[in-house]
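Below: the structure, in structure tokens.
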Amino acid sequence: MKTKIIVIVGPTAVGKTALAIEVAKRFNGEVVSGDSQQVYRGLDIGTAKASPEEQAAVPHHLIDVREITESYSAFDFVSEAKMTIEDIQSRGKLAIIAGGTGLYIQSLLEGYHLGGETPHEEILAYRASLEPYSDEELAHLVEQAGLEIPQFNRRRAMRALEIAHFGQDLENQEILYEPLIICLDDERSQLYERINHRVDLMFEAGLLDEAKWLFDHSPNVQAAKGIGYKELFPYFRGEQTFEEARESLKQATRRFAKRQLTWFRNRMQVTFYQIGESGVQDRILSQIEEFLDD
């Protein structure tokens, strides 16, 4: 029997952490971060980690598990998340995956093989390279490759191209989980307002000092490439004013949120909830209760 888990995804600043904590309290659960940047110690403000108080109220996992000089990959995430979920389940609790790194979460849920002749990172990189293509462009690539896909859809096209590219069937190897995937969303202008406000709050909380510490110590590591830090480096180099750097960060975060939504919409089977609608949290909790009781 597959393990039932709750997955909460959505764009940055939409309220994933708050909902995950509420779900954990309601259903005796623990939160597993699905965020590629929250693994780094010392990067707290720019990655929007749950506060110490929130982490004390509900156990959180895969936060602060790497130094900023260390790399972290989808392979690492899947391996560590599997062990974490198994541990949570063994204690009779519910695992709640919450985060915005779609590639990591999708790899976990769909059970992609992490070994074999083709390195997993190469497979993931190829999948990510196909993501920007429109449906028409993907159809053209399929045609060029001499492939036939009855009832074309995006997922089938990407799968067929992947098999053709690597010369082997990389179909899911072992699906361990039965997930309920909840995707939070908001009306676009409201979401962008939330993002702008969050960035302002981050600066008030000390983001500039945190980013400067990263810039001074390790400006070229993987951890420094995340949204929230690299946008401020031109300011530290004297290439932009502070206001220009802050606006650059807001703009980059808005674009990132748009890419996140595109990923969840096209690559994962999610149930969308508009956070601005009345009673939305109650509806989500009811759906989770029905899912767990089924």
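Glycine is treated like the rest: Cβ placed from N, Cα and C.
Going by Swiss-Prot, these are the annotated features:
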type	residues	note
BINDING	G10, P11, T12, A13, V14, G15, K16, T17	ATP binding site
BINDING	T12, A13, V14, G15, K16, T17	substrate binding site
REGION	35-38	region 'Interaction with substrate tRNA'
SITE	T101	site 'Interaction with substrate tRNA'
SITE	R127	site 'Interaction with substrate tRNA'
Under 8 Å Cβ-Cβ from the region 'Interaction with substrate tRNA' (35-38), and at least six residues away from its ends along the same chain, one finds 46-49, 62-64, 72, 77, 99-101, 104, 223, 226-228
Could you tell me the C-alpha distance between P11 (ATP binding site) and T101 (site 'Interaction with substrate tRNA') in angstrom, no decimals? 9
Using a 10 angstroms cut-off on Cβ to Cβ distances, just flag whichever of A13, V14 is the loneliest among these binding-site residues. A13
Could you tally the C-beta atoms, other than its own, that fall within 10 angstroms of the C-beta of G10 (ATP binding site)? 26
Candidate with sparsest Cβ neighbourhood (10 Å radius) among T12, T17, T101, the listed recorded positions: T101
Least Cβ-packed of the binding-site residues P11, G15 (other Cβ atoms within 10 Å) is G15
Give the residue from the recorded positions K16, R127 that has the most other Cβ atoms within 10 Å of its Cβ, counting over every protein chain displayed. K16
Through the lens of DSSP with three states only, how would you label R127 (site 'Interaction with substrate tRNA')? helix
As a test of reading the model: what is the averaged pLDDT for the region 'Interaction with substrate tRNA' (35-38)? 95
Could you state the CA-to-CA distance between V14 (ATP binding site) and R127 (site 'Interaction with substrate tRNA') to the nearest Å? 26
